[in-house]
Amino acid sequence: FAIFAFATCGGYSGGLRLSVDCANKSESDLSIDIAFAYPFRLHQVNFDAPTCEGKRRETLSLIGDFSSSAEFFVTIAVFAFLYSLAATVVYIFFQNKYRENNRGPLIDFIVTVVFSFLWLVGSSAWAKGLSDVKIATDPDEVLLLMSACKQQSNKCMPVRSPVMSSLNTSVVFGFLNFILWAGNIWFVFKETGWHSSSQRHPPDTMEKQSSSYNQGGYNQDNYGPTGGYNQPAGFGQQANYGQVGEYGQQQSYSQSGPTSFANQI
């Protein structure tokens, strides 16, 4: 994708053709070719046009310098391609070095974030620059620069407009590269180990909470050995009141009723 981005922009060359039909036909020029190319320093593109005043011609130039946004875009694409190539070699042949001390995934993550930001900025800047290039190379706008076209007796017409399809494609590939690199942030983030550590944290806390509950008073049956509900001492066993008293007489308040109740249970 990076190759397509810088190839469609950096390898562009185009042109337009104009015609100036003077009142005196001998002074006319029906084929004025203006060629321009990357890096779109249009103010350095010169061309000759008739003045329709004898044989005298004037030298004009296009307007604008859009090299900064175009060169910035191509530079990002070239470096992105080189880094992708180097990263592929590291992934395949130096996987152990890549994972050593988690340094490789960390550097890869930072570089991926930086390239994602640069792709967004570079593509946006080049989209604006391309819009300005289209205006500056519009044949109708270029005709306004000629003095002969300011006279109504002369006829100035555009013959051929520049083809901008490859430049439009470069902008599309620029934003596709941004989506590709931004989406790759997630996969590189998982390689750093931060994702797995964050996933392990909640189970640890749950284990601590469960252990505290197991050790606490909720799982301990308060009604167990020390309580009176699990072992109904007073109802399931013959009370001490049923034993022979000190005076050799069995006490009359032996709890036979509760004993039968326990048997029924």
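Cβ atoms are placed via backbone N, Cα and C, with glycine included.
TrEMBL annotations: computationally assigned, not manually curated.
Taken from TrEMBL as is:
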DOMAIN    1-193  domain 'MARVEL'
TRANSMEM  72-94  transmembrane segment
TRANSMEM  106-127  transmembrane segment
TRANSMEM  167-189  transmembrane segment
REGION    197-235  region 'Disordered'
COMPBIAS  208-223  compositional bias 'Polar residues'
REGION    246-265  region 'Disordered'
COMPBIAS  246-257  compositional bias 'Low complexity'
Contact set, same chain, for the transmembrane segment (106-127): CB under 8 Å, 6 or more residues outside the stretch: 9, 68-70, 72-73, 76-77, 79-80, 83, 87, 98, 170-171, 174-175, 177-178, 181-182, 184-185, 188-189, 191-192
Reported mean pLDDT - the domain 'MARVEL' (1-193): 92
